[in-house]
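S.K.: Pasting a structure below so you can have a look.
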Amino acid sequence: MLYFPRWKRLLIWFVVLVGVIIALPNILPQALLAHLPQFYSTLHLPMGVDLQGGSRLVVQLPKNEIAERDATIDVMKRRLDIGAAGFKDYSIAKQSRDKIRIEVPGLFDVQLLKDIVSVTARFSLYEEDTSVPVNDVIMGKVARPEGTIVTYSMDDPPVSYLLKDRPFLTNDNIASAYAEKNTDTDGSLLTVALDSEGQQKLSEFTRKIPDKRLIIVFDNEVLAAMRFPVPIDDGYIRVGPLPDDVAHNLETVLTTGPLPTDLTFIEERTVGGDLGTAYAKAGLHAAFGALIIVAVFMVLSYGLLGLTADVALAANLMMLVAVLSLVGTPLTLAGFAGLVLIIGVSVDANILIYERVREARRNNYSVTQAVEAGFSGAMSTIVDANVTTFIAALVLFMLGTGPIHGFALTVTIGILTSLFTTFTFTRMMISWWIRTFHPREIPQRIIRIIPPNTSIRFMKLGKITLALSTVLIILTGGLYVTAGVNYGIDFAGGSLAVLEAKNGKADIYDIASRVNDLNIGGVNVSPTKRPSEAELTIASQENGEDAEQTVAVKLRGEFGSDYTLQRLDIVGPTVSAELSRVSALAIFVSLLAIFVYVLWRFRWQFAIGAVLTTVHDIIILVGIFLLFQWQFNLWSIAALLAIIGYSLNDTIVVYDRVRSLLKKRGNIDMRSLVDIAINRTLSRTILTSLATLLAHVPLYYFGGADMKDFASVLLIGIIIGTYSSIFIAGPLLVLLRVKPNQTDGKGS
């Protein structure tokens, strides 16, 4: 296995170097990139809305208009393509059958985005009916003439008009539209050019009824009422003066055509540029901090072999970044969290191999034989452990939404690149070391955490640990009934805002007082780690999706003069209900898929034991959420699914060794056999847990509130997963009466 023919070595180096070359634009300074070819310098990961700031919207189509989803997306894309604001790197995609997601990095005026993508832009010209006064019709003094409608203007207060009920010109008659600066007065003029049919109709109308007002209606509201004392033969309608932004927005939506259906905003998320930059720096610091800490830990634990693992880890991360760059999915804050998790996954594979190597060396294998045994003995375990984590990440990728989708994608691809570097690049480097230097001994540890050949009788505590966990699960049920879950806005609906004072510190008490005067329901105002900021959590509004959007308008109106709205998340009841269903489904599907895989690879007792151990970890983690009333949001779901993968990873390592011992020591007592398996994998279990814990410390230290909560859950989850793989997974096998003479699974 350690022999690599020349063509294979060249192929491995080629793949790694291509990955490094593709990933380089992400780490090279801008001054250097400016001198490189454009096609290469632009080959980098785009930053998501949460890292460079911007706006994200989710809209819902009416149930009877779902067939218009693709046509609606096409109109939205045309509007953003030609928009006067010059939108770049935007993303518009379907989120589900009746939902569309719009993301525009760098656009902080979310109202502008709403105006562009959501207005139906139905443009019509009507003839005014002057047979009776419109006010008399409204007051009920006279009957509304047959074939007429009453329509109101956009003014405040609105002006009423009595119109013929059928327009004589519509969007179908528009050839083009453009806005231009009005030289006579402030504002801009909107010029609408009609096609030949519209030109003829307008000419006939203005000749037939001279000096009569022509009413221009835009989305069921009167935009302008104009008199034409002379016939209009050139086919141009000029409206204005209008505010510059209104005129340019009208130009955009009229040029691209009307939306085929009305839309409802159900989710809105906005991140200011300064906060996005802070998030990006936090993510970079967390990732580099994790890389450095884990690299030092591996050298201290394995010497030269640890340094080899560090080189492979660097290659793995570069290849991961290269694939993400080619895919073009924006990097999010959750993506950085995924990078940190992959650092732990990557070194875990090396720890498994190196511990097997040391074990073989203690059994008097030569260095070459020990390395061979290490790679061959660990391969099945590494594959099984990574597949279970891959399943959890893949389910999250398929069912997840928003930034969590980026986390799942990063972990999914990272597992694949980790397997590649472990079984090819790492092995090739160690093979070169053995062939070149002919070592007589495995490099020694600088630090020793777990002594070799431990013989701890873990199963002696099996009944106690199972009973303790049962009590904790019952207590969790009691906490769920009495304390309940502190749901974040992702699941409860509502709004979350971060205000930054334009001058000085944020006055928490003043903000709370002013928010209470807005009559927007329950509001919690709390400080952040930055004195100039305050965080507002606003309960879901009772009157549906439109009421949620009103919150944003009120906040901007109240605080716009002395505060900058650095972040605003609005989640309507439709989205919160859907996220709750999808999150529960994601956890269930993950456990089911993992059960099927473990059942295929092992015996049925192993599959049940692995799933029960994982469910145990989830329940205990949820109990901690309930005990400390931590907020439960999408980041929590991502953390839980990550812990599902990690816990199963640990459990599979123990179970794989149990399976191996069942074939070699079939007559030994099951309790003793499980003890032997746990002791032989104990060093790997503890070292992997320490490496993963250390990797997430920078994530906790540098991250913002979301990343800190995520890291906290992972740190605790890793400890719980380590405990359960030793004290729960093993006793469950004994309890389920695994017998040495039973037929093994397909993985044997």
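Backbone N, Cα and C atoms are what each Cβ position is placed from, and that goes for glycine too.
Keep in mind it's a predicted model, so treat the numbers as computed, not measured.
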S.K.: Looking at 25-46, 333-354, I want to know which stretch TrEMBL calls transmembrane segment.
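M.R.: Checked against TrEMBL: transmembrane segment maps to 333-354.
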S.K.: For the domain 'SecDF P1 head subdomain' (154-260), provide the mean pLDDT of the predicted model.
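M.R.: Computed over the domain 'SecDF P1 head subdomain' (154-260), the mean pLDDT is 82 on the 0 to 100 scale.
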S.K.: Please spell out the DSSP helix, strand and coil residue counts for the domain 'SecDF P1 head subdomain' (154-260).
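M.R.: Each residue of the domain 'SecDF P1 head subdomain' (154-260) counted once, the result is 29 helix, 41 strand, 37 coil.
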S.K.: How about the transmembrane segment (333-354) and the transmembrane segment (282-300): do they have 3 or more C-beta pairs under 8 A, pairs 6 or more apart in sequence?
M.R.: yes
S.K.: Near the transmembrane segment (466-489), which same-chain residues lie under 8 Å Cβ to Cβ, leaving out any that are not at least 6 residues past its ends?
M.R.: 495-496, 537, 540, 569, 571, 576, 616, 619-620, 622-623, 625-627, 629-634, 636, 724, 728, 731-732, 735
S.K.: Restricting to the same chain and to residues at least six past its boundaries, which positions have a Cβ under 8 Å from a Cβ of the transmembrane segment (307-327)?
M.R.: 15-16, 18-23, 25-26, 43-45, 291, 294-295, 298-299, 335, 339, 342-343, 346-347, 350, 354, 409-410, 413-414, 417-418, 420-422, 425-426, 429-430, 433
